[in-house]
Amino acid sequence: MSSAPLLEVRGLNAWYGESHVLHGVDLDIREGETVTLLGRNGAGKTTTLRAIMGILRRREGVIRLRGRDLLGLPLHKVAKAGLGYVPEERGIFASLNVSENLMLPPTVAEGGMSVEEIYTLFPNLHERRSSQGTKLSGGEQQMLAIARVLRTGAKIILLDEPTEGLAPVIVQRIGDVLVELKKRGMTILLVEQNFRFARKVADRFYLMEDGRMVNAFPGHELDARMDELHEVLGV
Amino acid sequence: MSTIFGVPAPALYGQILIGLINGSFYAMLSLGLAVIFGLLRIINFAHGAQYMLGAFAAYLLLSYAGIGYWLALVLAPLIVGAVAVVIERTMLSRLYGIDPLYGLLLTFGLALILEGAFRYWFGAAGQPYAAPAQLTGALNLGFMFMPIYRGWVVVASLVICLGTWLLIEKTRLGAYLRAATENATLVQAFGVNVPLLLTLTYGLGAALAALAGVLAAPIYQVSPLMGSNLIIIVFAVVVVGGMGSILGAIVTGYVLGVLEGLTKVFYPEASSIVIFVIMAIVLLVRPAGLFGREE
Ligand SMILES: Nc1ncnc2c1ncn2[C@@H]1O[C@H](COP(=O)(O)OP(=O)(O)OP(=O)(O)O)[C@@H](O)[C@H]1O
Ligand SMILES: [Mg+2]
């Protein structure tokens, strides 16, 4: 627990135009950790990811990756620093086929998965590699969105609600993939509303409310905190 | 003499050839417009002026530096592309994300300035530009005589259109371009230098227009207004094909060129408006264009 965090967020504020959405968010992720961000609809989870990636440009505070400041970087340099982004809306391109979608993000570092490894992990994608990206089912699109950033050698992947709207078997599959990634030492920042899913992989939880971090606790405390979570998440 | 639908066959073939030539220019120019619009969301009104600049670059290279047609075919697009890159970096790039009307106004203003300046320097009359010696003369096709240079223009434009299409559909750079056309922010978040991609795309579109201008120089003469006469028709072609559709722009360009040629044979009075009539019908029936995606 004493090692310096891989990703360090301090006092992050962010705005959509004039509307102030994040209020001093703090967040740490150590190498190899899976950290899950919980919070009800509109709490600011997606905004936190977008602000870290630099997609949302109006930000103040500190975002450091291995001590390197990300806040001053242009958007396309952030991925090169080692972040891989799997957006909530998945972002599969209709004008690209599955294999083009997979190959789209440029490599950012050594050590990404090879295309063969990816197709072994996601056999469906291999079968449908020449289909139009958006012709895939929702679950397949989600897998493609994840697969796409595994190729690049990103050190941290930011996953925004990968199970949203998917059938239980697919959720199970995605859970297996995350467990596999964790085994390989990938660092993951996961946004989830489904904490039954998140408990399988999360080392730690952060709880967000109204653009603020209101709580943080280790994964094994999840059960003891169920009542409290039910109340905050309103589920 | 043989006739087809009461029209002498040579006259018919002649007009189809002229239609194909015009169609070649419609295709090359609307292709560039469609690529630029697709990614930059800028309606490039300066496209005709960039075509004119290409022709003038060839003319000036020959008159002042003795550089001939073949080298001009390479140099003129590079020069005009470089000018376009400067325009994009210093002016157009400030207009991204706001109402496309501003981009249209800016490029329209640029076109007026460029055409005005060239008219001031060279007068409104056209300057002749000779086809290279290798491409002069005519070929007997059996059913008609075809000037070799015209045949060359049709073949060259097909190669250019096909090459551009392959670049966009089959290469990595093309995949970036297609993806960024859909969602530029996400492509940039993956680490692609999208601002650079935008600059290159505008440069490429302008270079295509300039290349068409060099090809046109021996056929239409080199004049400051050669682009503004053509660009209005090209906009109609783009509307018919569908803004942002690459293949649509190419196919529509050739087809409308030939249709216009045929109209000259069968109903000459309508030949100058037939493309606009088709545009009006398409706008009524399929506002997104024949090949455009309805949004
Ligand atoms: N593009 C936008 N412009 C303005 N406000 C926005 C925008 N996107 C989100 N917001 C606001 O920012 C706040 C945080 O939204 P955010 O999308 O980060 O929530 P979330 O925690 O990801 O919610 P969900 O679980 O529904 O995905 C909300 O109040 C939302 O209305
Ligand atoms: Mg969200």
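Residue positions begin at 1 at the first shown residue.
Placement of Cβ uses the backbone N, Cα and C atoms for every residue, glycine included.
Note: TrEMBL annotation is automatic and uncurated.
Residues or ranges marked as transmembrane segment in TrEMBL: B:12-35 (among others).
Same-chain residues lying 6 or more positions outside the transmembrane segment (B:42-61) and placing a CB less than 8 Å from one of its CB atoms are 29, 32-33, 36, 67, 69, 71-73, 75-77, 79-80, 83-84, 87, 92, 95, 100, 103-104, 107-108, 110-111, 114-115, 118, 122, 127, 129, 202, 205-206, 209-214, 216-217, 222-231, 234. The transmembrane segment annotation in TrEMBL covers B:42-61 (among others).
Residues or ranges marked as transmembrane segment in TrEMBL: B:67-87 (among others).
What TrEMBL records for B:99-122 (among others) is transmembrane segment.
Taken from TrEMBL, the feature transmembrane segment covers B:149-168 (among others).
Look at TrEMBL and you will find B:200-220 (among others) tagged as transmembrane segment.
Non-local neighbours of the transmembrane segment (B:232-259) in the same chain are 16, 19-31, 33-35, 37-38, 47-48, 161, 164-165, 168-169, 181, 274-276, 278-279, 282-283, 288-293; each lies 6+ residues outside the stretch with a CB under 8 Å from one of its CB atoms. What TrEMBL lists as transmembrane segment is B:232-259 (among others).
Residues or ranges marked as transmembrane segment in TrEMBL: B:265-285 (among others).
Tallying C-beta pairs under 8 angstroms between the transmembrane segment (B:200-220) and each of B:12-35, B:67-87, B:149-168 places B:67-87 first. Counting same-chain residues at least six beyond the ends of the transmembrane segment (B:149-168), those with a Cβ under 8 angstroms from any Cβ of the stretch are 17, 20-21, 24-25, 27-28, 31, 35, 131, 135-136, 139, 174, 177-178, 208, 211-212, 215-216, 218-219, 246-247, 250. Long-range Cβ contacts of the transmembrane segment (B:12-35) within its own chain (Cβ-Cβ under 8 Å, at least 6 residues beyond either end) map to 4, 43-44, 47-48, 51, 143-144, 146, 150, 153-154, 156-158, 160-161, 164, 168, 177, 201, 204-206, 208-209, 211-212, 215-216, 219, 230-231, 233-235, 237-238, 241, 243-246, 248-262, 264-265.
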